[in-house]
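Per Swiss-Prot, the features are as follows:
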- E279, K281, L282, R286, E341, F378, E438, K443, K460, K462: ATP binding site (BINDING)
- K281: active site, N6-AMP-lysine intermediate (ACT_SITE)
- E341: Mg(2+) 1 binding site (BINDING)
- E438: Mg(2+) 2 binding site (BINDING)
- 660-753: domain 'BRCT 1' (DOMAIN)
- 821-913: domain 'BRCT 2' (DOMAIN)
Amino acid sequence: MDEAKETVFTKPQNHSSTLEFYDFVTTLLEPLSRIGKTRKSKTSNLDPYELKRKILLDYFNKWRQHVGPDLYPLLRLMLPDLDRERGSYGFKEFGLGKLFIRAMHLSPTSEDAKSLKNWRGSESKHTGDFSTMLQDILQRRAYRTFPGAFTVGDVNALLDQLADASSEDTRVNILEQFYRSLSPLELRWLIPILLKVRKYGTSEKFILSVFHPDAARLYRLCSSLKRICWELYDPSRSLDETETDVEVFSCFQPQLANFKKKDLHQTLEAMGNKPFWIEEKLDGERIQLHMSSGKFQFYSRNARSYTYAYGSSYFDEQSRLTQYIIGAFDKRISQIILDGEMVTWDPVLETVIPYGSLRSIFEDSSSHSSYSPYYVVFDILYLNGKSLVKYSLESRRRILEKVIVRESHRMSILPYKVGSTIEDIEAELRNVIQEGSEGLVIKKPSGSYHLGERMDDWIKVKPYYLQGFGEDLDCLILGGYFGRGKQSGKINSFLCGLRMDYTPKDHSEKFQSFVRVGGGFTYFDRDIIRKETEGKWLPWSSDALEYMELAGTKQDFEKPDMWIHPKDSLVLQIKAAEVVVSNRFKTNYTLRFPRLEKVRLDRSWKDALTINEFFTLKNAVEKQDNVSFHVNKKRKVSQKREKQKKFLYDEPTFKKEASPHSDVLKNLHFVVLPPTELHETKAGLQQIIIENGGLIHQGVGNFGKERLFLVADRVSTRVSIERSKNMCTIIRSQWVMDSVNNQRLMPQWSYLLFSKDEKYSWKTALESLSAKSLSNLLVELKQLDLSKEYSKISDDTSILNLTISKEEASFVGAFPFLKFTVFLDLKGIENSELYDVRMGQYRLTKCILLWNGATIEKDISSKKLTHVVMFVEDSTRLEQLTKACELYQIEPKFVNFEWVVNEWKKASTNILG
């Protein structure tokens, strides 16, 4: 099968116009919202679900009778969050509030306007609940008090215009039409539709099941509300087997991992007490890849298309992914659907780094960041016209490993380990904690793929806390954040801080933001906090900054909705998996997986952990070779525990006053990260640095020092973050030791993980460039006999004559292609009979060019372009590229693989003498 199957469904024709919007509100939404979850209605013996089903079914039948079989206009308003056909409106609560201020012609200084602008922190009785606040204002300022004449179709038409609006003025005009045409009751229900949320307490699964028995199943297959309404408009029609499988370019709802069990024993039981697979839970975005005949589509878990970012074909020059995975699939593959996680790859540090903050880079095709998207595949659902969802995970994995024949840091298969015991899981948890990973996913090898379901076939396990940090972090509540949905208007998570240090005579009443915690609270915990702090919460204002410091130049990072005076606050005892670096909090650190241990009513703000105490505790914990942890505190471990060391806050980790043994590290500033290759503790290396004149810092911060070194022996999340800031040189601990032992600062190139000074890095590269390394590469080149496979495109093989200064001469001598800017043309490689050879030539060419200082461009439009390298002899393609160069007014030299190799050999011979 060469082409993707195209699902065709015809729009059913309605015989009359749609029902009135007021009827939709009063006959359907209002009755549904009044039904409780458990209690029976006073006017009916039906239980809540039966009553809701009756209301829905009656209205659906009424629509079919009075309007026709097409219920799509109706379901778009009932399930606005599932409507993928209508684009985003471009606003959330704050933006909608600003638009309604203009639509209602409110004075910006009026109390209602101020409340809408500051809906989270106003003094209104509806603080934190935007929908109710706006409804209250619309009720009091109603333009009309009687039902409007708008139909469901009229509302949909205006919403389509709103989604397509390109200016704020247009949006305001549309909202003003709603304001003038609808009654307060209708506007009340319009607001959640605009925010794409549901406020009538009924799930989409339940609504779809009433609409049609197969609707929920079809939605899991296609994520299209329109298709459901048009394909299943007849309630008596059932889907056949051929219509219940995944299809290429039809976005399905992926299987999700179930939540953790109470303990790992239950996880083993869910696996049937049989061997299971352990996979790393990646920090990225769930993405499904669809490919048919070289055409691609990428979809997120929420059915959003990311094809514009990741690429629509192998030859999409704007793509961040597809143009780099040519040859990744077996040549026999014409159609495929993959399930995986899109993460971020740092090619300089050669590691995966935190994804969320970098997603915008991938979405912006003009971005020139060195970071790249990296698709990590863990499942295959479709292959060459056949659905694989009913196959076991084990079978799907075997197929996947045969399908992907070339892995790279653009796309690869997620590895797994086989386990059978709790100890196997705990061992892997220790590994992911050390690597700063999200956690694990435990999978049943015999399980099939369940579209859109959370099943016990996949269970996620996260490291909930380390014993070393779990009992000792007593943090003070500084502020609170309102929840959403059912938690609107209620504080459901807290900003906690560490107390700034004080002298014995002066208690500091000022704190620095440290962690946001919302997990681990029982009903009773929240009730205690509510009672103890009732009447003491204040809307956020600059007054709070007298008592606390937030991160950010404007002190607005993680800004809470409400704040509380330290003397009125409570201490929370928090447990966590680990301490991690974060610029979102003033301390520059925060907790990973924070959870409440208990509310400490026996402690006051004066007893909260100070910043110095925290760092002393952190350093002491880092001394331990192995920090023990438990997945759940309630599970008793049947082994003897070593008595936990009591950490003394007044014992320094290292002696700052130690007299220097030398001044070889004088005026150099260091931040040391554990673990180091040469020392059991971070403190040991710090001591050596101080003894030899170096200065120690606990964080990189914004020192602005030219010679700041971050000492690290492995790439970690923190190293990646600091590298992205470009504030310091990241170097291995061996450099410190070799410099001390030789009593001189050693050349840094061979020790570097990253240098903030690019020129310095090149110069040190020259220092380390040896004749031996060049000779070895020449030997490898001589072993390649490729000269007969490709005729030369250009007869002129002389190197482009470039004028360079005397100062550059020695530099360019070692890097003969330094002045070259090159475009590597991959067109035609995938269809070449010598595919493997051509890809080998491509990789070697890229290696030679980069090794010798050339710049490689991703497209041919660069004004600096000096050379174009072609790997397939194609006169038509050569003509296309020549015309493109004329269009861009550039005159690069067209060469082939052999030309690059020959010129490099000549240059290398000159260097070697």
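Just so it is clear, glycine is given a Cβ too, placed from its N, Cα and C backbone atoms.
Owing to the predicted nature of the structure, the values given are computational and were not obtained by experimental measurement.
The distance from the Cα of E341 (ATP binding site) to the Cα of the residue listed as 'active site, N6-AMP-lysine intermediate' comes to 9 Å. For the recorded site, E279 (ATP binding site), the DSSP three-state label reads strand. Applying an 8 A CB threshold to same-chain residues 6+ apart, the list for E279 (ATP binding site) reads F378, L414, P415, Y416, L440, V441, K443. The secondary structure of E438 (ATP binding site), as reduced to three states from DSSP, is coil rather than helix or strand. Across the fold, the C-alpha of E438 (ATP binding site) and the C-alpha of the residue listed as 'active site, N6-AMP-lysine intermediate' stand 5 Å from each other. The DSSP breakdown of the domain 'BRCT 2' (821-913) into helical (H, G, I), extended (E, B) and coil residues amounts to 49 helix, 16 strand, 28 coil. The binding residues for ATP are recorded as E279, K281, L282, R286, E341, F378, E438, K443, K460, K462; their greatest pairwise CA distance is 19 Å.
Note: the CA-CA distance between the residue listed as 'active site, N6-AMP-lysine intermediate' and K460 (ATP binding site) rounds to 8 Å.
Residue environment of L282 (ATP binding site) contains 21 other Cβ atoms, counted within 10 Å of its Cβ in all protein chains.
Counting only same-chain residues six or more apart in sequence, the Cβ atoms lying under 8 angstroms from the Cβ of K460 (ATP binding site) belong to A257, N258, F259, K260, K281, G439, L440, V441, I442.
Model confidence over the domain 'BRCT 2' (821-913) stands at 79, taken as the mean pLDDT rounded to a whole number. Shown are the binding-site residues E341, E438; of these, the residue with the fewest other Cβ atoms within 10 Å is E438.
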